[in-house]
């Protein structure tokens, strides 16, 4: 079986498409190639790499959702360009870009809405990922309480789903959310 290697677009083109410098892109590419010599990451490899950051929990489900958010072409793999464009958005994008990316992560079925089932899946995946260090400790109804709180805050028109605009507005009104978005700006 032959392994197909993927070479990314030129650094100048990636520099123009992202908020990274040429030097930062070179560093990111070396790390990416070190973990994924073929230049492409499949979901299983992504889950394995991501799990290393959460040794006390099961990160596989959250990694699945995260993988799908990076896999913008829905082809079951992430190329360096996909990875670096998403990372650029998360770390250096505008507030609106970060919120849109996060919304698309939570919109599991990609229908343009976050419903209660999707949010419940995301919350459970986060609790599983955090494992025994989850606070408050996971009890049967804690994920549902988080989902209920999310919908009370986000579902402005009370129609049972959260649209992108509702999500953006509610996040912008929430001080804690705004501080967490600013934390990403100090990475790299």
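These residue numbers are counts, starting from 1, taken along the chain as shown.
Each Cβ is built from the backbone N, Cα and C atoms, and glycine gets one as well.
Just so you know, TrEMBL annotations are computer predictions that nobody has curated.
Now, the feature entries from TrEMBL:
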type: DOMAIN; residues: 58-93; note: domain 'EF-hand'
type: DOMAIN; residues: 94-129; note: domain 'EF-hand'
type: DOMAIN; residues: 142-177; note: domain 'EF-hand'
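In the domain 'EF-hand' (58-93), the DSSP tally of helix, strand and coil residues is 24 helix, 3 strand, 9 coil. Remote same-chain partners of the domain 'EF-hand' (142-177), defined as residues 6 or more beyond its termini with a Cβ less than 8 Å from a stretch Cβ, comprise 95-96, 99-100, 102-103, 106, 112-116, 119-120, 123-124, 127, 136.
Note: the domain 'EF-hand' (142-177) comprises 26 helix, 3 strand, 7 coil (DSSP; helix = H, G, I, strand = E, B).
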